Amino acid sequence: MRDETPAYLRARHYFYEILESQAQTSRMGVIVNRFIVFFIVLSVGITVMESVPAMREDYGRLFQALELLCLVMFSIEYYIRIWIAPEHLPYHHMSPLRAAWAYMISPQGIVDCISVMPLWIALFGPDDLRVLIILRMLRLLKFARYSSGMRSLLEVLESERRALMACLVILACATLVSATAMHIAEGHVQPEKFGTIPDAMWWAIVTLSTIGYGDVVPATGIGRMVASATIICGLIMIALPVGIVANAFSEVIHRRDFIVNWSMVARVPLFSHLTAGDIAHIMQLLQARQIERGEVVFRRGEPATAMYFIAEGDVEIELGPEDKGRRIRLGTGHFFGEIAVLKRVERSATVKAVSRTRLLVLDGADLRALIAREPSIARKINQIVEGRTGRNLNLEIADLEGQADVSVEENA
């Protein structure tokens, strides 16, 4: 059936997939992400090199041209992200204008706006080099979108903010107590360094952080005892937040970028009859993907590029009008998306996550190559699909194997 969605909505969703939902899984999304990261690094590198007078004098025009190119690229990205804002799950219920505004005032939207501000300042504002340098360096914050590690770290800081705030309060108390004790012990001996509690706080902060510049040291026995206690306290102060962040960071990384392991693949019923060697081979083909509750895996009418296995969680399949809009719910161990891949047609259903779901993604070309290697998989797919939908794939096993042979030849 022909997709009646307006062309501009299809285009908007396409760009949303490239920049957001499939930025880490689709080939085009990965290319665009790397392209943007390249311009972030280039822009920051130009800012650093421009601070060297000799390089600014010799390559000033080149730096200006490259900076203008970076600004143009960041501006295009920013305007596209404003346009695709209604595609974001939290903004689905909003009008396009409200969704665009919600994105613009979000933390990521503000960072994207800062990235293009040097262009606006250069065109309409004062030529203040210090302001431009600061704004250019703030582009490093864009890495939070393109680096899963930075996103995970920000998530950890957000989730553990109360514990970290408690550590900060304890550190402030320890600093004040240490500074007061050192002021009492050393204030009369070194009045220029410990004459007041605020003066002594510099020493306390440096000592508690275990940096120890050595510019201020105690001269009395009591002062050394206070310093020893402060050093031991500093080790504890550093260990507390480090342990909290490290443990939470490990949990977030495991939850977000889970590893495709042998037991995970072996639990999938479609692969349960295979040998250990075959499962090890399939492990190399599968990619891990985690989606949140309500997130769309793919929509009806989109090109089919991969099939999916549910490692954990649940999804809901909304079939098309030819199936009277019937909905099917699948859980852990099931698979979906194989029909369109094997028939080389567009998606006939829309799939959404019912809960936080971990998926194993198998590329269409790899699926056909796998069928050529293990024909029993094709037979089992036919059986499972027929039991699920009440109809056969209408593809003979020989046809599937033939498609696999063609795919292998194309990739050779």
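Each residue, glycine too, has its Cβ placed from N, Cα and C.
Range 202-222 is the one annotated as transmembrane segment, of 202-222, 265-285, 349-369 (source: Swiss-Prot).
All chains included, 23 other C-beta atoms sit within 10 angstroms of the C-beta of Val315 (nucleoside 3',5'-cyclic phosphate binding site). Spatially close to Leu285 (nucleoside 3',5'-cyclic phosphate binding site) yet at least six residues away along the chain are Leu362, Asp363, Asp366, Leu370, judged by Cβ distances under 8 angstroms.
Within the same chain, residues 157, 194-201, 203-205, 207-208, 218, 223, 226-227, 229-230, 233-234, 237, 240-241, 244-245 sit at least 6 positions outside the transmembrane segment (164-184) and bring their C-beta atoms closer than 8 Å to a C-beta of that stretch. Within the chain carrying the transmembrane segment (65-85), a Cβ under 8 angstroms from the stretch's Cβ atoms is held by residues 12-13, 15-16, 19-20, 36, 39, 42-43, 46, 91, 96, 99-100, 102-104, 109, 112-113, 115-116, 118-119, 136, 139, all 6 or more beyond its ends.
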